[in-house]
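What TrEMBL records for 471-602 is domain 'STAS'. According to TrEMBL, the transmembrane segment annotation covers 39-65, 72-91, 111-133, 189-212, 233-249, 278-301, 313-330, 350-367, 374-391, 411-440.
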Amino acid sequence: MLYSRVPAIKWLRHYRREDIAPDTAAGLTLAIYNVPQGMAYSVLASLPPVYGLYASFFPPLLYFLFGTSRHISIGVFSITCLMVGQARVSILPDYANGTHATEYNGMTGLTPIDVVVVLAFVTGMVQVIMWILHLSFLSAYLSDSVVSGLTFGAALQALVAQLPNVIGVELGHAENDGFLHVLTKLKEILAAVPHANVVALALSMSTIAFLSMFKRFVDPCLQRRKISLPSELLALIITTTMSSVLHLHDRYNVKIVDQIPVGLPAPKLPRFELVPDLLSHATSIAVVSYVITVSMGKLFARKHKYQINNDQEMLALGLVGCFSSLFSVFPTTTSLSRSLINDGAGAKTQVSGLVSSCAILGVILFVAPVLEPLPTCVLSSIVIVALFSLLKKVEELPTLWRFSKTDVAVWVGTALVTFCWDIIEGLACGVVIALMTVIIRTQRPSISLLGKIAETEYRALDSYTRAIATDVPVIRFDAPVIFTNADLLKDSIRDMLKTEQGKLTFFSGASVSFGKKDNSSRVAPKWTAIILDCRSWTYTDAMGVDAVREINEEMLNKKVLLIFANLKSGIRIQYARAGLFKTLLTEENQFCPSIDDAIAVAALLRSDSCAFFHAETEDKIAVM
């Protein structure tokens, strides 16, 4: 039991000595990237930069014990940091004079870190509860289109959020909540441009240009030589030195990081009275962080041929959140960029994360005060350049449009709601739109008349020119028969019976494709059977059963037998329990394992209908 819940106990016993060097090198490389990213993304989370260092130290230590992926890097990440920032501002809004609120619903003496610590604790508890209830399957409702659209919309929001720092002005958030608040903020930023700090703006533009050019031209050369040199760290060192030497804060009023406490924060309990107000934010962060972590974990597991445990990952993230919150850490998750760097640097196990944490500890204890002159506009510039890669997700749309227009609708809808409203609303809207597309697809399925193209292969007549129509019409209804499309199934069969020689007209707007070629020599003028290819009927409901019962009895009255080919055994059992086919002498004749068998039954029916129907049923049909 202990081995399964604390995987490190098991794999450390088999740790190979030859992995020490690559894990150490990868861990030190991670730490080099963690310093600038941690400080920059902490600003994105509306927190002082030092808390990004704490978030780069504690979570990897805990994931080292409880995680199952050998290569992912736990810590700050742009999307979750933006969600954290929005949650913090919703409780303690910022004001234009650079201060923030300290009261909320009668609670006084609140600080931003009080809010995000509670958020981290609740996020962890939500993930632990989801692990207990085995709810990890809920992440399946976050399709790639939802996640990509959410990422793009959130990246746009994050970009707007960093603009005041870039131009060196202070803007408040207190009155800018609600729908289209981002556009309101953009108007405020444009209005503040004449009051911009020219030095801060020049420093920001120079940093963005340097980072962009470095990543475009220098990084590829360094990668070919397998050299790791983060441009963010260079920018941090250069601008900190400039700020210190030129006294940018005193002379030009450039905002700097200022005081950074030395040492680790003392542990303290969260303020639990904030839990109800942060529950919705925490739930969203819990789901998003889990999806990101498992997606990246699976990516590296496939590449290096090992397995991760999805449930254990949920537990690991939950424990990371709960315990880290005691040490002033905000919610964290897997970083895409640092995970790729960790893998590229040669990491073999989670020991690289342990080494990175130890290096970050050294920075917190000895180096942090040196970074006090660092301009905050530089940190925002680092964030903006990092967001460029997320904004490139819009390039997915042309390719996505070519093969799945519904996914484009999900992507665009999620992105728009996220940008115009908020991440929580965008996430909810994306899931709803994605589920609606599933419902619409089942409501308007493709319906095709099949023809034979090989010994046992059947395809849609209008899609395969080699397909030859059979003597008995074979219809494929490409969806489970449920309440959304039950009427469509009945209407389709009725319309088919009214049509001659395979030229069929369907109403209700379904995507219907019945062959356009002349099959008069193949189709009998008087049908005694219609074959339904049921390979897509994976489940049904009460209305679906009633629809099949109704159309079956209606066809029997018209001397036409419905034959079900490729019907799943579970559906057949449901039909039998509903008493659908009591008019048959042998139920096996109406259920066939293949279309060929169904055609053979239809041929036998033409020659001897008495072999199929009860005497009273035959008499009833004869009277009609």
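Backbone N, Cα and C atoms are what each Cβ position is placed from, and that goes for glycine too.
Automated prediction, rather than curation, is the source of TrEMBL annotations.
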Taking a Cβ cut-off under 8 Å, which residues six or more beyond the ends of the transmembrane segment (72-91) line up next to it in the same chain?
30, 34, 37-38, 41-42, 44-47, 52, 55-56, 59-60, 63, 104, 110, 112, 115-116, 119, 150-151, 154-155, 157-158, 161, 173, 177, 274, 277-278, 281-282, 284-285, 288-289, 292-293, 296-297, 300, 320, 330-336, 338-339, 341-342, 353, 356, 383, 386-387, 390, 422-423
Best-contacting stretch, by C-beta pairs under 8 Å, relative to the transmembrane segment (39-65) and drawn from 189-212, 233-249, 350-367, 374-391:
350-367
Okay, the transmembrane segment (278-301) and the transmembrane segment (313-330): do they have at least three CB pairs under 8 Å, pairs separated by 6 or more?
yes
Top partner of the transmembrane segment (189-212) among 233-249, 278-301, 374-391 - counted as Cβ pairs under 8 Å:
374-391
Grab the same-chain neighbours of the transmembrane segment (350-367) for me: Cβ-Cβ under 8 Å, and only residues 6 or more beyond its ends, written as numbers and ranges.
8, 15, 19-20, 23-24, 26-28, 30-31, 34-35, 38, 50, 53-54, 56-58, 60-61, 63-64, 67, 69-70, 73-74, 262-264, 342
When each of 233-249, 278-301, 374-391, 411-440 is checked against the transmembrane segment (111-133) for Cβ pairs under 8 Å, which one has the most?
278-301
Can you tell me which recorded stretch out of 278-301, 374-391, 411-440 has the most Cβ pairs within less than 8 Å of the transmembrane segment (233-249)?
374-391
So if I exclude everything within five residues of the ends of the transmembrane segment (411-440), which remaining residues of that chain have a CB under 8 angstroms from its CBs? That is, six or more out.
79, 82-83, 86, 141-143, 145-146, 148-150, 152-154, 156-157, 178-183, 280-281, 284, 287-288, 396-397, 400, 484
